[in-house]
Ligand code: SF4
């Protein structure tokens, strides 16, 4: 018998009262802008900013190499800049954007989660994870999130504000530096991958995120020079923005947080589905693959008796195969067990049936490793926990 648990069977995760309902929002309350930072501009923009301040434009090259190659923001270590103008140059283009307010490590020191305080007190988090063949950073693109997914603590915080490109990129610089300096168990390593799966819906902060993608991919002195295929942008399904991203000429990996193949369930599970339906979303994802040649990741959190039925695995396979073969890779993600909540893990048997059904239909499927499960794994949970503790003080 198919038991069907609905997302509306209890108040959203992190809700402050039992009658709370998810509320979509695209517009943040007006707040001040983050201080201007070198990473907000491309190289010519940095040159123009220096020139405007009466400083030689060619210093932009040196400053950019300090930031993107040496991961350094301390004027005293910039001996190639004249001592007399170092402070002025750094003050102009390298303001401090992130202050560490908490750090927790897990997985025997191979995972570190940071909570950063921004200039206006807003807090965001990033997670650095070491795997045998890569080191990945999960970054935040917004403080809070307006997408209101009922299983996600960040969604209940609402959207505080969009991050600036500098604020996103400074999370990356700090992580690259921590990896280089051996702050993860296993000794010094290189940051190889960046995924936009932290707080926020990246495509709701489109222009800023595209700027950040350039800084990640463009070679020094423009940016860090990461491989585009090692950068992943995840979305709950902002269809027009997916279409736009396909035209940017940056073949980054697109990850679609689908979590349900039918509108009936997805309307309640991912509220943005009320605007763009599963069919439109998969069409946009397929055309992203056609334009960029990059296989699309389909993220699917397996939630007990909610979306883990074998018929849903079959429907998902049919929807993907109806558009083409080999263009998508499904990543089922077993949810961390939350006893007593509707958001709890599927049984091992149901997980296996789900995966087998997809594979039998020729769909590439890999169960995803959920890192940091012992340190508040899901996006937004650390920030919520810290805020709670602060309120309790
Ligand atoms: S799951 Fe992602 S998109 Fe949904 S509310 Fe949480 S942060 Fe936003």
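Cβ from N, Cα, C; glycine included.
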Review point. If TrEMBL gives 200, 201, 257, 258, 259, 336 as binding S-adenosyl-L-methionine, which of 164, 227, 234, 287 does it give for that site as well?
Key: 234
Study note, to complete from the structure: Students should find that the Cβ of residue 149 ([4Fe-4S] cluster binding site) has, within 10 Å, a number of other Cβ atoms equal to 26
Exercise for review: List nothing but the largest Cα to Cα distance in Å, as a whole number, among the residues 200, 201, 234, 257, 258, 259, 336 that the record says bind S-adenosyl-L-methionine.
Suggested key: 21
**Study point:** Euclidean distance between Cα atoms of residue 257 (S-adenosyl-L-methionine binding site) and residue 125 (active site, proton acceptor), Å
**Key:** 19
Exercise for review: Please report the DSSP secondary structure of residue 201 (S-adenosyl-L-methionine binding site), reduced to three states.
Suggested key: coil
Check your understanding: In sequence order, which same-chain residues at least six apart have a C-beta under 8 angstroms from residue 258 (S-adenosyl-L-methionine binding site)?
Key -> 237, 266, 278, 281, 298, 299, 300, 316
